[in-house]
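K.L.:
Sharing a structure, written as structure tokens. Questions coming.
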Amino acid sequence: MSITLEEEIFGLAVNPFTKSPEMVRRYTLKNSKGMTVSVIQLGAIIQSVCLPDAYKKVDDVCLGFDDIASYLANKGAYIGGTLGRVANRVANGEYTFNDMKVSVTKNIQDKFQLHGGFIGFDSVIWEVVQKSAEGVIFRHVSPHGHEGYPGKLTCLITYQLDNENRLWVRYEATTDRSTMVNLSSHAYFNLAGHGSGAKGLSEHTVEIASDQIVDTDELQIPTGKLVDVNDTVFDLRLPVLMRDRLMQFENRQIKGYDNCFVVNGGRVQKSVAKVAKIVHPPSCRVLEVWTDQPGMQFYTANNLTSIVGKNCTKYEKHGSFCVETEKFPDAMNHPEFPSISLEPNEKYRHDVLYWFKVEESWKCCCNNDP
């Protein structure tokens, strides 16, 4: 059986540019293993990821909402949204390029920009340029000067599902003048089920192939240094249990993980490589993250406070995680970081693969069949 695609109306949303209401559609890809992935035009959001566990129980493992109004009301949590033009933080909402100072909007306490500004890519309605079993391709043209960024930026996001339970996401962008681009996804996952909360997350083990994290100040703005993870809570090179690790943050200012881990040796790769593996042993569900990017922001939903999600489920602090593949935060202000500049003759590309598996370790000892 091949991949199937279903299209339906999700709701009405006001286009932030035209101020007119527009129909937002949902596209659901389904494979032969019973896995489905739903994406919507608003924010090119990943709205749902459903898959069976080792006991054939199907759960939605991606946080989200059943209606547009909830996405708008909880915009500050960026649930499932596309992050752009520049994911993460821009210090003081400014940068210098070719001796020109560029000022971008400061949407956080008038101190810095986060995730693209007041109307980031999570808030725009993306047009659909392809919808088939081969995948869904969304397109957005960000006008010159939007949120302070120079250049008309044309972006494509491709979502593809295969029969190996792999969700492929490709980001592409071109510009008509020098600008900055660093796209990512703010999908929140919980392999025990989207509504299983802090108990569900505490049962996960996390492994990230990273020797260093991007050092930040109290506003989580990078200092420019990369610090070794040796002998710290950030050493996740071997699988660790979230319950144990999150307890170690109790005396820290930031109560949980919200850090950019340096992966792939801190360099953009020619093809995707495995950078993280998250396991929920009770259900045997696994998520591997493969990317060509040099960084991955690992976030344990430290700032979520009882949001009502899909099926009237409460989403809470430490009840989910994000694995945001990206270049480093505030890279335009740190020449030593991998560059996020984009020229008119170049093409930005960013690949990430979310590989969902069921690894039935308990069957090894009880099942001797060949």
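Every residue, even glycine, has its Cβ placed from backbone N, Cα and C.
Annotations in TrEMBL come from automatic prediction, not curation.
The annotation beta-D-galactose binding site is assigned in TrEMBL to N88, R89, H186, A187, Y188, D258. Taken from TrEMBL, the feature active site, proton donor covers H186. According to TrEMBL, the active site, proton acceptor annotation covers E324.
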K.L.:
How many Å separate the Cα atoms of R89 (beta-D-galactose binding site) and the residue listed as 'active site, proton acceptor'?
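P.N.:
Pair distance, Cα basis, whole Å: 13 Å.
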K.L.:
Which residues, sitting 6 or more apart from A187 (beta-D-galactose binding site) on the same chain, put a CB under 8 Å from its CB?
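P.N.:
A187 (beta-D-galactose binding site) has long-range Cβ partners I46, V49, C62, L63, G80, C322.
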K.L.:
Take the C-alpha atoms of D258 (beta-D-galactose binding site) and the residue listed as 'active site, proton acceptor' and report the distance between them in angstrom, rounded.
P.N.:
10
K.L.:
Expressed to the nearest Å, what is the distance separating H186 (beta-D-galactose binding site) and E324 (active site, proton acceptor) at their Cα atoms?
P.N.:
6
K.L.:
Can you tell me how far the Cα of Y188 (beta-D-galactose binding site) sits from the Cα of the residue listed as 'active site, proton acceptor', in Å?
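P.N.:
Spelling it out, the Cα of Y188 (beta-D-galactose binding site) and the Cα of the residue listed as 'active site, proton acceptor' are 9 Å apart.
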K.L.:
Work through the recorded positions one by one (D258, E324) and point out the residue whose CB has the fewest other CB atoms within 10 angstroms.
P.N.:
D258
K.L.:
Pop the Cα-Cα gap between the residue listed as 'active site, proton acceptor' and N88 (beta-D-galactose binding site) into the table, whole Å please.
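P.N.:
Their Cα atoms are separated by 10 Å.
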K.L.:
Near the Cβ of N88 (beta-D-galactose binding site), how many other Cβ atoms are there if near means within 10 Å?
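P.N.:
Looking across every protein chain shown, the total is 26.
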